[in-house]
Amino acid sequence: MEVVEILKELLKFKSITPDDDGAMNFINMFMDGFDADFVDVNGIKNLILTKKFGDGVHLCFAGHIDVVPAGDGWDSDPFEPELKDGFVYARGAQDMKSGVAAFLCACKDATKFNGTLSIILTSDEEGDGIYGTLEALKFLKSRGNLPDFALVAEPTSSSTFGDTIKIGRRGSVNGVVTINGVQGHAAYPEKCVNPVHQLASVFSDFAGYELDSGSKYFGASKIVITDIRGGMEVVNVTPKSVKIMFNVRNSELTSCEDIKRYTEHIFNGFDFTLSLKESSKPFLTDESSKIVIQAQKSIENICKISPDLSTSGGTSDARYFAAFGVPVVEFGVVNDRIHAINERVLQSEVESLYLVFKDLIENFE
């Protein structure tokens, strides 16, 4: 079956995170000739497919089969793919069943390869993302079979197919600062300790502050305020406390400890508490890595353009490969309609993505 037909079959599965809706079984049957391991954790389905061609490098393709809910307002059934004007319309068309279809077909058709090809698929990426790719990699490590290189087929292209490869991602740290005061009557401010006034005195040194100046592939790590709450929504009572929520998308130059240290410095002298949660660490694959160089060459061979190397965007499962020391890149179709109503992907992009992956496999040594 050609790659677009496989994509259409995958799009029929109502695999709203974390349910795979049977997609994993379909993929396992389609990929005959590959050894299969189902790694199911806490109700999450993960599938690892492996085929050894020779004693060379182990190259892994990875992706997720789960999608976000479709919502209302679609022009067609979001789980009945429709081909119109060269586009395939359905939930998951761009994010990321197109990438999955492309690497499934490229791996299935592979003949010229002197190593091991593997595929990691999960139904837990759009949700919590903690029982998916991470667990699959733990399983492979326990078997002594971690890949040497990996490609995650997320939709990375910005405006033109082939224009962007992701070679890293910023980290993400969420924080909550609560300043405690003394509640009282607004007419007697001298008898109160107003935490909002305390916040106001330091707010300009906290909101939007750049913790570093960035680097070649990362912008500055900036404190972004996401919410401020305090008081009882009445005009004559001062607040007992004020809560400030913030997020930092951090580069490799700023750690969670650095964020903690700066926040404590700013609010020093106040009665406050601080809670930080690091949901992902920043990572960067060296631009001289074999996976980066060969991905660039394959894109240039098929797309006739030179892709930019980028670390923009949110978090992805590529971070788990980096955590295990596996050099990883991300590459896929244009991402202009991900998570949107009437999500769609160009049929020609899916076909070209298959050719890029096929070229990568055939020329990877």
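Including glycine, each Cβ sits where the backbone N, Cα and C put it.
Going by Swiss-Prot, these are the annotated features:
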type: BINDING; residues: His64, Asp95, Glu154; note: Zn(2+) 1 binding site
type: ACT_SITE; residues: Asp66; note: active site
type: BINDING; residues: Asp95, Glu126, His339; note: Zn(2+) 2 binding site
type: ACT_SITE; residues: Glu125; note: active site, proton acceptor
### Task
Mind telling me which of the binding-site residues His64, His339 has the densest Cβ neighbourhood, counting other Cβ atoms within 10 Å?
His64
### Query
Excluding His64, Asp95, Glu154, which residues of the same chain place their Cβ within 8 Å of the centroid of the Cβ atoms of the recorded Zn(2+) 1 site?
Gly63, Met96, Gly99, Glu125, Glu126, Val152, Ala153, Pro155, Ser316, Gly332, Ile338
### Query
Of His64, Asp66, Glu154, which recorded positions are close to Glu126 (Zn(2+) 2 binding site), meaning a Cα within 10 Å of its Cα?
His64, Asp66
### Query
What is the separation, in Å, between the Cα atoms of Glu154 (Zn(2+) 1 binding site) and His339 (Zn(2+) 2 binding site)?
13
### Using Cα positions only, nearest of the recorded positions to His339 (Zn(2+) 2 binding site) (His64, Asp66, Asp95, Glu125)
Asp95
### Query
For the recorded positions listed here (Asp66, Asp95, Glu126, Glu154), which one has the lowest count of neighbouring CB atoms within 10 Å of its own CB?
Glu126
### Message
With an 8 Å cut-off on Cβ distance to the Asp95, Glu126, His339 Cβ center, who else from the chain surrounds the Zn(2+) 2 site?
### Response
Val67, Val68, Gly92, Met96, Ile338
### Message
For Asp95 (Zn(2+) 1 binding site), which of the three DSSP-derived states applies: helix, strand, or coil?
### Response
helix
### Task
Provide the three-state secondary structure of Glu126 (Zn(2+) 2 binding site) computed with DSSP.
coil
